[in-house]
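One structure is given here, and the rest of the page talks about it.
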Amino acid sequence: MFYNLIYPLHEYFSALNVFRYVTFRSIGSALTAFLILFLFEPAFIRWLKRQRIGQVVRDDGPESHFSKRGVPTMGGLLILVAIAVATLLWANLLNGLVWVCLLLTLFYGLIGSVDDWRKITKSSSKGLSARGKLLLQILGGLMVGLYLHLHPAYDGGLSLPFLKGVRPDLGWWYLPLAVAVIVGASNAVNLTDGLDGLAAGPVMISSSIYLIFSYVVGNAALAHYLQIPHVAGADEVAVFCAAVAGACLGFLWYNAYPAQVFMGDVGSLALGGALGTVAIIIKQEILLAIVGGIFVMEALSVIMQVAYFKASGGRRIFLMSPFHHHFEKKGWTEPKVVVRFWIISIILGLMALATLKLR
């Protein structure tokens, strides 16, 4: 909005020329999202308590989690508000890619909010049916994939990290890839959101890394120099990524151990969907396995546990899945698990940045 309404006035006030730069507006977006969470989260937490919107804890979980029962949840609603407000204020609203990111995030947030509400009203850890939730997620991912596939600036080429000039054309097979990346990222973040600050931290790190990639991919000169696919207009996606990072940082102020609020599925499904959508838009789909390696690890731990349990007649690979619960069962404290996962996430983020030159 600022770009569309204020920047045109730079002819009369030269200082307003600063609104032209994506870097400046990304900083503004991150700070705006952070301040919304930082300033309004306490009041929102009090409102959630009055409405008795509290966390439902599974009975077969670690005993240390029983104390979390009743802690306000659905804090992700304010995360979505912060992301939406910051993006609408600082991004170029004539850029369709920004709207794709924002609308998919809000749609997945809607799915998560219905899921959360059913859990709360039923006082059960089960919300929407797995099939119903998955179908809605696929629908959202399919809409994004169709939009991009029909967009004149896009092709079906798949960018492969570390390989220079290798971009296999997937054609219409790009659609199922887009759906798989978006839905997979959404559910992986949802599985990760089991400890205080465990999901918000890596999402903040991952979105910060993708902020840099968005800027580079959207800049024709930089993309050509680094020999990565150029996507016209993708630099504006950096403003959205900044909003996600800022919102997660603000949320962590209250979600850090011991958490005063949880994001709920409304937050985790939306944030995961946002990461997947950005990955698709900037043509760095495969790189998400590195950038969001923590989420991949958590999702794989569940898949492996379930598959082995069924194949072996009841035996387990891990003491408990997702993976973070395995370490809790081994005696690690919750803060230790979270901080070590953050460290891994930072290392993976730096490795992802290194792929800009390692080609």
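We number each residue from 1, going along the chain as drawn.
Each Cβ is built from the backbone N, Cα and C atoms, and glycine gets one as well.
Feature annotation from TrEMBL assigns Mg(2+) binding site to Asn190, Asp265. With a 10 A radius on its CB, Asn190 (Mg(2+) binding site) counts 28 other CB atoms from all the protein chains.
Residues or ranges marked as transmembrane segment in TrEMBL: 27-48 (among others).
Taking Cβ pairs closer than 8 Å, the transmembrane segment (69-90) reaches residues 1-3, 25-26, 28-30, 32-34, 36-37, 40-41, 44-45, 48-49, 53-57, 98, 101-102, 105-106, 109, 112-113, 116-117, 120, 239-240, 242-244, 246-248, 250-251, 254-255, 259-268, 270-271, 274 in its own chain, all 6 or more past its ends. Under the heading transmembrane segment, TrEMBL lists 69-90 (among others).
Here TrEMBL flags 96-114 (among others) as transmembrane segment.
Here TrEMBL flags 134-150 (among others) as transmembrane segment.
Tertiary proximity for the transmembrane segment (170-191) is limited to same-chain residues at least six positions away from its ends with a CB under 8 Å from its CB atoms, namely 104, 108, 112, 134, 137-138, 140-142, 144-146, 148-149, 156-158, 199, 203, 265, 268-273, 275-277, 279-280, 285, 288, 292, 295-296, 298-299, 302, 322. TrEMBL lists 170-191 (among others) with the feature transmembrane segment.
Taken from TrEMBL, the feature transmembrane segment covers 198-217 (among others).
Only residues 6 or more beyond the boundaries of the transmembrane segment (237-254), in the same chain, are considered here, and those with a CB under 8 A from a CB of the stretch are 22, 25-27, 29-38, 41-42, 45, 75, 78-79, 82-83, 86-87, 90-92, 97-98, 101-102, 197, 200-201, 203-204, 207-208, 210-212, 214-215, 218, 260-261, 263, 267, 271, 274-275, 278, 281-282. Annotation comment: TrEMBL describes 237-254 (among others) as transmembrane segment.
Residues annotated as transmembrane segment in TrEMBL: 261-282 (among others).
Non-local neighbours of the transmembrane segment (288-309) in the same chain are 161, 181, 184-185, 187-189, 191-192, 202, 206, 209-210, 272, 275-276, 279, 315-318, 321-324, 326, 341, 344-345, 348-349, 351-352, 355; each lies 6+ residues outside the stretch with a CB under 8 Å from one of its CB atoms. Feature annotation from TrEMBL assigns transmembrane segment to 288-309 (among others).
Beyond its flanks by at least six residues, the transmembrane segment (337-356) meets 161-162, 195-198, 201-202, 205-206, 208-209, 212-213, 216, 226, 228, 257, 287, 290-294, 324, 327-328 of its own chain at Cβ-Cβ distances under 8 Å. The transmembrane segment annotation in TrEMBL covers 337-356 (among others).
Annotation: stretch 261-282 has the most Cβ pairs under 8 Å to the transmembrane segment (198-217), among 27-48, 96-114, 134-150, 261-282.
Outside the transmembrane segment (261-282) by six or more residues, the chain places 41, 44-45, 48, 55, 68, 71-77, 79-80, 83, 97, 100-101, 104-109, 111-113, 115-116, 119, 127, 137, 140-141, 144-145, 148, 178, 181-190, 192-193, 199-200, 203, 206-207, 210, 213-214, 217-218, 231, 234, 237, 240-241, 244, 248, 251, 254-255, 288, 291-292, 295 with a CB less than 8 A from a CB of the stretch. All protein chains included, Asp265 (Mg(2+) binding site) registers 28 other Cβ atoms within 10 Å of its own Cβ.
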